[in-house]
């Protein structure tokens, strides 16, 4: 068992005081904290977030431009065409994307992310994405992000020129655990796309899914590997086992473990936006979600996710209002 006072005191001086994230061995200590120390961890993580990121919460909506039929075998994902999943391939048109962006903006969101279930975009998808970004920017006061898989240098340039300001490509899990989650591509391929995105001047968004069977050591490894990306945003998902996938029978992550992970990720990345994403409703519930927002989280996806239901948007907005958490206002470009 870790020396609780020692590791939290170290984090208080190193992270809160100096803005330097914890290393892997220190994060392992955080992830092994006893349950009774979770409130102290959450309070410290909240202080770190307020000092280094500010008090605002960024709200985002996401939509799937192309759902299902993906050729990859990510074991957690019901959009893979390789598994006996109920999800079937569906494409949205430009008008539907614009309308979804308008509805997202009405919630107070400043970010709208267009997602496609593909290994990487072909010319048809790239053209449609460019058209969608242009249409949304004409009609909606919102930033547009994208997540359409692995990219070539030419595709990265096209998206940056189209006005995509942030690109999501999740590392998903620790490098050492990745082969147990995906076999049709490598962790290094994902990392290379993120390098290209950063070089093109787009903001890097990369996170993953916790509770897939990784060890605490691998969870700490993952946090450090994400920190090395210097990402603008890290979305944290918790496994929501999907019928028909290889991980369908995996148990849900314990809520206490999820809170420890949130605290650890904040202490690893004091300057990074850390976003609540899929699975929080099942893993944490309403009370745990509130603890997370007061324990290091400073961004949230509202509404539904790609293939799973989220909480009603109004419930999340009411929760943030009750907790007196101000929403980020979209910065105007003049």
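Backbone N, Cα and C define each Cβ position, glycine as well.
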Listed co-binder of [2Fe-2S] cluster (same site as 113, 205, source Swiss-Prot) among 12, 275, 280: 275
Cβ packing number for residue 205 ([2Fe-2S] cluster binding site), 10 Å threshold: 26
Distance, residue 113 ([2Fe-2S] cluster binding site) to residue 77 ([4Fe-4S] cluster binding site) (CA atoms, angstrom): 18
Cα distance (Å, whole number) from residue 205 ([2Fe-2S] cluster binding site) to residue 74 ([4Fe-4S] cluster binding site): 19
Shell list ([2Fe-2S] cluster; ref centroid = CB of 113, 205, 275; cutoff 8 A): 60, 62, 111, 145, 147, 166, 168, 207, 233, 235, 277, 299, 301
CB within-chain contacts under 8 A for residue 113 ([2Fe-2S] cluster binding site), separation at least 6: 60, 61, 62, 63, 144, 145, 146, 147, 166, 168
Residues satisfying Cβ distance under 8 Å from residue 275 ([2Fe-2S] cluster binding site), sequence separation of at least 6: 58, 60, 207, 233, 234, 235, 236, 297, 298, 299, 300, 301
